[in-house]
Amino acid sequence: MLIELAHFCLILAFAISIVQMIVPLVGAHKNWRGWMALAEPAATSQVILVGFAFAVLTWAFVVSDFSVQLVYLNSHTDKPLIYKISGVWGNHEGSLLLWVLILAIFGACAAWFGDDLPARLKARVLAVQAAVSVAFYAFIIFTSNPFVRLEFAPLNGRDLNPLLQDPGLAFHPPLLYLGYVGLSMTFSFAVAALIEGKVDAAWGRWVRPWTLAAWMFLTVGIALGSWWAYYELGWGGFWFWDPVENASFMPWLFAAALLHSAIVVEKREALKSWTILLAILAFGFSLLGTFIVRSGVLTSVHAFANDPERGVYILAIMVIFTGGSLALFAIRSAALEAKGAFGIVSRESALVLNNILLAVSAFVVFIGTMWPLIAEMATGRVLSVGPPFFNAAFTPFMIALALALPIGSMLAWKRGSIKRTAKSLVGWAVLAVAIGLLAYAVQTGRSALGPVGMALGVWVVGGALTDLWSRTGRGGVPDRVRRLRRLPRADWGKALAHFGIGVTFLGVAGILARETEDIRVAQIGESYQVGAYEVTLADVRQERGPNYVTTIADVAIERGGQSYVLQPEKRFYPVAQMPTTEAAIRNGFLRDVYAVIGDPQEGGGYAVRLYIKPLANWIWGGCILMALGGLLSLSDRRLRVAAGAAKAKTVPAE
Amino acid sequence: MRWLAIALMLWAAPLWAVEPNEMLDDPALEERAREISQLVRCPVCQNESIDESHATVARDLRVIIRERLVAGDTDQQVLDYLSARFGEFVLLTPPRDGANLILWLAAPAMFLVALGIGWAAIQRKPKAADEGLSQDEQAELDKILNS
């Protein structure tokens, strides 16, 4: 009964979202306050209704109600509780329900916390947000109903894909969705501004927190996915240029660009139409990402969500929303005129360069991802575009970005001086080059990218520190340290996020430059040397887990008197008929030791793989720093409004 | 325990990327084999190179690569050999010819265009004119003033 009630609530939310899409929009046009005010209670009731539907579905998974088809197909009574819950979104229908839930939550947040928005803008924003909701409600209700019942409830379920039964992957999709859907908010603001024909500094200020939040969630979500791949796929790769990874990476790049251009709108009232365009593109690419994942149009390791028929529907959503808003943009963007003028060497120009590099690199990812499809349709050539292409085409833009970042982030608004900025960074530049050369000297016969990445990482990290330090003005060190503590959180956030990028660069470079790999057959009790490590395969035994059987090895590692045991596993999930590898990783600040156990060999012994991965954790550590930087910046919002106004007055008109 | 035994039997499928027994004794040749196999896509997997893949056919391809290398082929000859037999699909690096040139040149071209647009945007001086009030705003103002 509860299930049917939840289904009914979902349909009710659909109806309400249709009303919310139309009435406030008409109200804003005719200036009827009552009609505009309808948006708020509508958004609130959507969140209550969808929240209830989602809670009921989660409940059905928790109590293993196999009369619900979705639960039967994706759960099992033996599954640990956390994976019963994550099973809710580990499938197509459930993940869509999560999508509309987050959409409703974001919309309601805009309704609840948008008191400082002008009534018309708010009504239009909520109406556009509701339009997006309408499309997704229709999608879920007409093609992907999660509440379908089975006539006879089976005794047990078919279990969740074992690869998904993992803490990293349990929270990867919700975070990505928070990011994708967060961008729907900036999209709504952009379309509302186009309807209104007005973009000003205040608009920039309202849009920025949403962009920041979306970008943060995407950052953490992508990092979590990459970390999962690192420890789960059994050889420690962290990025594969898989279409589904690219699907989340493109919105991230656009969100990062949007984040920066919205600053220019807010502080300088320039780059308006470009910012609007970016907001549309960022959400357009979120929809594209959803399309890629849900349709399976591009084969990839994430094919568990395949369904071409549904893909066509999402394609239609994508075309209507992106196409419609781009058409609106073409008609109305002329009305958005820039106010602030700026010199060729200025923070504004640096941010334009940042936007160009980020947008073009997103375009590289886009064309590389779509090319196999385009080529097959246009020329009939069946080909692959893999990591070698992306590494060659994408990396140069990232190198340029890292080179420009420290200087650009310190240039003055309106008119800056490269000379003056460069002077404060000379020390870091020298250090970066020295470290790059050192890394190049000690490595043998690998690509020069490792050392280059090292140098860039040091350069970016140093730039972030210098930037923060330079914000404290002049005077003695104690004075400046005291002022450092009183700097606005936005300054700290900016420095921390840029610092994080440098750390991620160092992590990637560390693996590129100095990874060690050892693959061999080891007998039980046999010891051997890998680099500075003494490795012993001490024992291999079989055990049983809650819903799998497993082979566990004890691999003893010793280095300079310090010793520990790694326990890599190879699991088999009988219900899903799938094996998985569980690598054992000794995480360290400077390096990870990564062990994998393989099959028993014909001549006795087991295949054992051991990797030493320098700075591996820095890759995700850097991402977390970036997200924390975003969080700091976000928490500064109220401060920033005041500080921005005060600063605007004191900017010297050179 | 019978359940466990059955499960273990079902497990026989190769689960692994590069296996110790397929590796060459010559480290230089083996290194080259690894590099090549990172450039070759596993034909039956979804977007994995044969270096990462556990599939049987990926293993066969890895063995073929090593055979060709031992026979004295250059890296490019090995890749040509594979694409001649298994199709262009197995090459993770799309060949730089024909329509693929669009793919390879798209990014640099886009970058130049973007730089041009960006340059134009930076140089354009915004109109200094005051925008004044919009019609709606004027109407609202009139209403307030008249009330």
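Glycine is no exception: its Cβ is also placed from the backbone N, Cα and C atoms.
The following features are taken from TrEMBL:
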{"type": "DOMAIN", "residues": "A:89-295", "note": "domain 'Cytochrome c assembly protein'"}
{"type": "DOMAIN", "residues": "A:315-637", "note": "domain 'Cytochrome c-type biogenesis protein CcmF C-terminal'"}
{"type": "TRANSMEM", "residues": "A:6-26", "note": "transmembrane segment"}
{"type": "TRANSMEM", "residues": "A:96-114", "note": "transmembrane segment"}
{"type": "TRANSMEM", "residues": "A:126-148", "note": "transmembrane segment"}
{"type": "TRANSMEM", "residues": "A:249-265", "note": "transmembrane segment"}
{"type": "TRANSMEM", "residues": "A:274-292", "note": "transmembrane segment"}
{"type": "TRANSMEM", "residues": "A:312-331", "note": "transmembrane segment"}
{"type": "TRANSMEM", "residues": "A:352-374", "note": "transmembrane segment"}
{"type": "TRANSMEM", "residues": "A:394-413", "note": "transmembrane segment"}
{"type": "TRANSMEM", "residues": "A:425-442", "note": "transmembrane segment"}
{"type": "TRANSMEM", "residues": "A:448-470", "note": "transmembrane segment"}
{"type": "TRANSMEM", "residues": "A:491-513", "note": "transmembrane segment"}
{"type": "TRANSMEM", "residues": "A:615-634", "note": "transmembrane segment"}
Result, the transmembrane segment (A:491-513) in contact with the transmembrane segment (A:249-265) (3+ CB pairs under 8 Å): no
In contact by Cβ distance (the transmembrane segment (A:394-413), the transmembrane segment (A:448-470); 3 or more pairs under 8 Å): yes
Segment confidence, the domain 'Cytochrome c assembly protein' (A:89-295), expressed as mean pLDDT: 89
CB contact flag for the transmembrane segment (A:6-26) and the transmembrane segment (A:615-634), at least three pairs under 8 A: no
Paired segments the transmembrane segment (A:126-148) and the transmembrane segment (A:425-442) in contact, 3+ CB pairs under 8 A: no
Long-range Cβ neighbours of the transmembrane segment (A:352-374) (under 8 Å; 6 or more residues past either end): 241, 243, 246-247, 249-250, 253-254, 256-257, 260-261, 271, 274, 278, 281, 285, 292, 297-298, 382-385, 389-390, 393-394, 397-398, 400-401, 404-405, 408
